[in-house]
Amino acid sequence: MLDIYVNIKSLMGVRKTPVKFLKGAELDTIEAIDDAYLIVEDGIIKDYGKMAGFANIYGERCGANTAVHDLSGRFVFPAFVDSHTHIVYPGSREQEYEDKIRGLSYAEIAKRGGGILNTAAKMHLTDEDTLFDMSMQHLQQCIDGGTAAIEIKSGYGLSTEDELKMLRVIRRMKECSPVTIKANFLAAHAFPTPYRDDHDGYVRLIIDEMLPIVAGEGLADFIDVFCDEGFFTVSQTARILEAGIKHGLKPKIHANELGLTGGVQVGVEYGALSVDHLEHVGDAECECLKSSKTIATALPGASFFLGMPYTPLRQMIDSGLAVALASDCNPGSSPSASMKFVLSLASINMRLTPVEALNAATVNAAAAMDLAGTYGHISPGLKANFIITRPMPSFSYFSYSYTENLIEQVVINR
Ligand code: NIG
Ligand code: FE
């Protein structure tokens, strides 16, 4: 099957050879071909170029098994990679949203047994099939928003039985969804009520009981810890990451959302693919990241929704770092699957240019979920995963017009 896309206003993100990630000033560069064509054969990018050269090469090839798509006025760019989500969850938490409006903080809500524990209680009462159906609906929202590869965390189970339930649901999603999914084992998301006064006991449960089963059944690609004030300490994080690595899982952690807690340093020390959140980072964190391959991932949807400070991505890029953007889609701190909105937030609140934001949400996000070089590019030989916009005046219009639905079609070939 040959798909020929013609008259593309601008084909963005083309690269003859994909890069692993972009850092510092590289983030503001993108190769684009105006008035372009794109050829996709059996779901693989074959060729692209200027319309001026199209007739000579492909003019005769419009026979059977060929679909020609006229994309006049439209932009084409790589589909989003959402490298940090919690989309396997039952129910919703709009009561806490009201509590926040009335003045309670995220930490105060968590202390009252709300927050993560609230969703964990619902998780316990939800059977696997129902959870699967709900989660597939969340995933569909991500796909409709232009996401072609996604990381999904456990972490609302907080018991062996319920963490496994979540991970088995993610495995089913991997099997039947059109997008690439990576599973992240996040039992260390919060301390469940039975271990409220025995934090080390819960860490032992994760390491000694949960991890061997998770790894034995091949249920996870990554290991995560919420390393932060009031949650898991640096030394607990280190123990869990070390155990995860021994079981073949790659670290990818929550760090520095609530304070300067040493989360970045412990993540880098254990070779984390990414350290995520980073609302609180200083020079020491930036220096530590600079000498590593760890991708610094910001989640501006959580800053927006919780009214927290935004990650200082502008300064982090200016100091030469490789940064990514993700949705953090979850019922408590970021109930939105829209990567388009993430781009807008990054530009409006963190002063990323639209091109920097796109690269952070595609090329670098792929690196943050161990897909470096395979997603986030329009390159010959790669699977065709891209977004076709509605007609727009410029690329910047996409995130500028921040509530307009500008995605006309998402082409996904896993
Ligand atoms: O990434 N910060 C920790 N975990 C999630 C929130 C989960 C929740 O509130 O349900 C996050 O924001
Ligand atoms: Fe998160």
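Just so you know, the numbers here start at 1 and follow the chain as drawn.
From the backbone N, Cα and C atoms, a Cβ is placed for every residue, glycine too.
Listed in TrEMBL for this protein:
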type	residues	note
BINDING	His84, His86, His254, Asp328	Fe(3+) binding site
BINDING	His84, His86, His254, Asp328	Zn(2+) binding site
BINDING	Arg93, Tyr156, His189, Glu257, Ser333	4-imidazolone-5-propanoate binding site
BINDING	Tyr156, Asn330, Gly332	N-formimidoyl-L-glutamate binding site
DOMAIN	75-397	domain 'Amidohydrolase-related'
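Ranked by Cα separation from His84 (Fe(3+) binding site), the binding-site residues Arg93, His189, Asn330, Gly332, Ser333 are led by Asn330. On the 0 to 100 pLDDT scale, the domain 'Amidohydrolase-related' (75-397) averages 97 in the predicted structure. Straight-line distance linking the Cα atoms of Gly332 (N-formimidoyl-L-glutamate binding site) and Arg93 (4-imidazolone-5-propanoate binding site), rounded to a whole number, equals 6 Å. Cβ-based neighbour count (10 Å, all protein chains) for Tyr156 (4-imidazolone-5-propanoate binding site) stands at 31. Taken in sequence order, the binding-site residues His189, Asp328, Gly332, Ser333 that lie near ligand 2, meaning a CB under 6 Å from one of its atoms, are Asp328. Other than the site residues His84, His86, His254, Asp328, same-chain residues with C-beta atoms no more than 8 angstroms from the centre of those residues' C-beta atoms, the Zn(2+) site, are Thr85, Lys153, Asp276, His277, Leu299, Ala302, Ala326, Cys329, Asn330, Ser334.
Checking the binding-site residues His84, Arg93, Gly332 against ligand 1 with a 6 Å cutoff on the Cβ atom leaves Gly332, in sequence order. Considering only the binding-site residues His86, His254, Asp328, the residues lying within 10 A of Tyr156 (4-imidazolone-5-propanoate binding site) on a C-alpha to C-alpha basis are His86. In terms of Cα spacing, the binding-site residues Arg93, His189, Glu257, Asn330 that come within 10 Å of His86 (Fe(3+) binding site) are Asn330. There are 26 other CB atoms within 10 A of the CB of Asn330 (N-formimidoyl-L-glutamate binding site), with all protein chains counted.
Closest in space to His189 (4-imidazolone-5-propanoate binding site), of the binding-site residues given as His254, Asp328, Asn330, is His254, taking the CA atom of each residue. Sequence-distant neighbours of His254 (Fe(3+) binding site): residues of the same chain at least 6 apart with a C-beta under 8 Å from its C-beta are Leu186, His189, Asp224, Val225, Phe226, Cys227, Asp228, Gly263, Asp276, His277. Comparing Glu257 (4-imidazolone-5-propanoate binding site) with Asp328 (Fe(3+) binding site), their Cα atoms are 12 Å apart once rounded. Shown in sequence order, His86, Tyr89, Arg93, Gly115, Ile116, Thr119, Gly155, Pro331, Ser333 are the same-chain residues outside Tyr156, Asn330, Gly332 whose Cβ sits within 8 Å of the Cβ centre of the N-formimidoyl-L-glutamate site. Neighbour counts of Cβ atoms within 10 Å were compared for the binding-site residues His84, His86, His189, and the top value is held by His84.
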